[in-house]
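Novice: Attaching a single structure in structure tokens format; questions to follow.
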């Protein structure tokens, strides 16, 4: 009796449930087949496909790194969009390396997504829809829930502070792309970057103070003397350098201790990448990359608190080097060492020095040779004669620790001066002093009168 009642209730429940099941399945199926749904696949004629295959490769790579493809697919499925795409040069060379490093850190993914969605508005706005008045402003909300202003002023179409350089560059049925001259940075991302940078400087490990050096033995004392934070290293840079490219680096003398206050390796990588993006200095960058001991040595010195100025010859100057100049063992290292000054100099500071003092001689990492600089033709000229070079591209890279100055020639030390300085004392010492002593001795013997014949012989 109970089983029959139970079975009957189950069948009744099933009959009652079937209409709801079929109705819900039909609605879900119709939703999936709806072309306007964001979960469907993107058409090959979509504006997103055009962005990934366009000239804006740097922006499309950032979109992929920010994991925004699915979000943009949903946005395109719901409505038309307008993308303001910065040109590649802005993201490759003009962007602050520290800000770019901040965006690419995994912990700052939210900031990168906000930055990219700030360049997209969920409305189709063609170049003919800009404000007609001069000046005029129209506000649009972005996918980052912020606002962009379309402005027309001085005969230019602008979005906020960026000018439109390629209006309607790519047009598709579901959106279009305008090329802009610079990156648009929302205030929230800028504030997040400033906050992270200030927190990092506050929480950084302060230098412990450089050890005290005994001037008599040029060795470190057992008890390090306290030094204020950020003070320069006590050891001269010559003592801190590695003995040779094939030997292990010397012990770290600077303020960092086990945890360095400066990330020298990252700074060296930054300036090498800057040389490559700047253009015209590929040979110098290639030497630094292939001769890993040089890049490692420079990074270690910067980590320990030293500052460096690199005089980088351009590709035309490096191409003039002969096989004999590069064939000797260690020749490329010695050439580069002669182009590194253990001071932080900018184009302005060097020009002011040569204008004030005439000829200035800077120390180099190729001890004991120095490189001479003087003012010429309104610029700084290094070296003399045929082996001279002008400051050609000033301040290619300046971050407070490493300064890179482009020059139009390869410098070599003046070997002749070193040889002559050794020979000159030899000529002055031997001959005259011996003749003078003999003459004085003969005069003394003659005056005493003990040996007149000997005096005559001496005469």
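The backbone N, Cα and C atoms fix where each Cβ goes, glycine too.
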Novice: Under TrEMBL, which of the candidate ranges 208-262, 263-317, 318-372 is annotated region 'Disordered'?
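Specialist: Matching range for region 'Disordered': 208-262.
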Novice: By DSSP, how many residues in the domain 'FAS1' (43-184) are helix, how many strand, and how many coil?
Specialist: 55 helix, 42 strand, 45 coil
Novice: Mean pLDDT across the domain 'FAS1' (268-411), rounded to an integer, is what?
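Specialist: Overall, the domain 'FAS1' (268-411) comes to a mean pLDDT of 89.
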